[in-house]
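Since the structure comes first, as structure tokens, the remarks are kept for the end.
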């Protein structure tokens, strides 16, 4: 496996000097720009949110105990806009804008989702109106060419199939709305949504860099790399303001923006991946875009399914609020707020980076590392139960 790492490192640094290679320096600059702009914009946005009355007051089921401004997604979007504009001006990345509409599509769809989110952060929206806004934003992506065009099915020897227009639209809308709502659903602890967005975006960027390496810098793989590194930067810049104890919440404007950009990044990464490029045996590479989406939604979807079962068995509405979500349970067994967030980071990171690493390493090596990581994560999660001391709970 060490030889694989050496080959990977040598190949990537060699490609940075080629005109049609992997523009690592430029991608790093774009991500850093998103982080810096987001970080410095968050303070003024916090003041603006307070003046506008966009403040989250504690409810019975909430974890935070003091009124906290939201609308942090606006600062993140400012970072995204600035970074994408910079990318469009860098010679090494300009090709991605000439031959693809992926990045402009993210800005337009992001503006739609941002408008819906900001209104919800300030005045509140009913679920149906919010859902309509999500569908509209996802439709913008599809209209501007960001859609799943191929699908790899490893069962029954089906292999890669080309989707017709209707199937492409439906799949893209379904996945985009699912990821948007998953990120919205998981935004219940300080730093959780921003951290998960950062981890998953970095994993998608890692996967995209591998695609660029394997395809000689093919312009089709620029959009997922740029979209993901921009999102990673925005999340990184927001985290210092949002980690426990949070000075500002990202609100629905932020969580839905993260979900939209993660969906767009994985969608643009999935389209150009060809079975002919990797061979039928490299099933994990072909499935990686789906696995990256799964990394985003598996925690909130598991939480949602358990909540539905729990509430239904208790004779209550499946959508009635309670304090029995996954993060509530982890707090109750003795983990602190910060530890709960870090544990969920760990579990999502295992899935996300496990999926992304298949493009660099053999599936056997990846599976071995993931298995070890799962064991470590399981032990870390169970520590309070194993101690049974009763005094393990830490407010910090």
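Using the three backbone atoms N, Cα and C, a Cβ is placed for every residue, glycine included.
Bear in mind that TrEMBL entries carry predicted annotations, made automatically and left uncurated.
In the structure as shown, the Cβ atom of residue 252 (Mg(2+) binding site) sits within 10 Å of 27 other Cβ atoms. In the three-state DSSP assignment, the secondary structure recorded for residue 252 (Mg(2+) binding site) is helix. What TrEMBL records for 184, 252 is Mg(2+) binding site.
The feature transmembrane segment is assigned by TrEMBL to 29-49 (among others). Remote same-chain partners of the transmembrane segment (29-49), defined as residues 6 or more beyond its termini with a Cβ less than 8 Å from a stretch Cβ, comprise 55, 69-72, 74-76, 78-80, 82-84, 86-87, 90, 93, 121, 226, 229-234, 236-238, 240-241, 247-248.
Taken from TrEMBL, the feature transmembrane segment applies to 70-90 (among others).
According to TrEMBL, the feature transmembrane segment maps to 96-119 (among others). Among residues of the same chain six or more beyond the transmembrane segment (96-119), those with a C-beta under 8 A of the stretch's C-beta atoms are 54, 71, 73-74, 77, 80-81, 84, 87-88, 125, 129-130, 133-134, 136-138, 140-141, 144-146, 180, 219-220, 222-227, 251-257, 260-261, 264, 268.
Sequence-remote contacts of a segment are chain residues at least 6 beyond its ends whose Cβ falls under 8 Å from one of its Cβ atoms, and for the transmembrane segment (131-155) they are 100-102, 104-106, 108-110, 112-113, 115-116, 125, 161-163, 168-169, 171-173, 175-177, 180-181, 223, 256, 260, 263-264, 267-268, 270-271, 273-275, 283, 286-287, 290. Look at TrEMBL and you will find 131-155 (among others) tagged as transmembrane segment.
Taken from TrEMBL, the feature transmembrane segment applies to 161-180 (among others).
The transmembrane segment feature in TrEMBL is assigned to 192-213 (among others).
Feature annotation from TrEMBL assigns transmembrane segment to 219-239 (among others).
Under 8 Å from some Cβ of the transmembrane segment (251-271) lie the Cβ atoms of residues 54, 56, 70-74, 76-77, 80, 100, 102, 105-106, 109-110, 113-114, 116-118, 120-121, 130, 134, 137-138, 141, 146-150, 172, 175-176, 179-184, 186-187, 193-194, 196-197, 200-201, 204-205, 207-208, 211, 220-221, 223-224, 227-228, 230-231, 235, 238, 288-290, 292-293, 296, all in the same chain and six or more residues away from its ends. The annotation transmembrane segment is assigned in TrEMBL to 251-271 (among others).
Taken from TrEMBL, the feature transmembrane segment covers 283-309 (among others).
Taking Cβ pairs closer than 8 Å, the transmembrane segment (340-361) reaches residues 1, 4, 8, 186, 189-192, 195-196, 199-200, 202-204, 206-207, 210-211, 214, 243-244, 282, 284-285, 287-288, 291-292, 294-296, 298-299, 326-327, 330-331, 369-370, 373-374, 376-377, 380-381 in its own chain, all 6 or more past its ends. TrEMBL lists 340-361 (among others) with the feature transmembrane segment.
TrEMBL lists 367-386 (among others) with the feature transmembrane segment.
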Residues from the same chain, set at least six apart from the ends of the transmembrane segment (192-213), whose C-beta lies under 8 A from its own: 11-12, 15, 21-22, 24, 27, 183, 186, 221-222, 224-225, 228-229, 231-232, 235-236, 238-239, 242-243, 250, 254-255, 258, 261-262, 265-266, 269, 272-273, 288-289, 292, 295-296, 299, 327, 341, 344-345, 348-349, 352-353, 355-357, 359-360
Cβ neighbour count (within 10 Å, all chains shown) around residue 184 (Mg(2+) binding site): 22
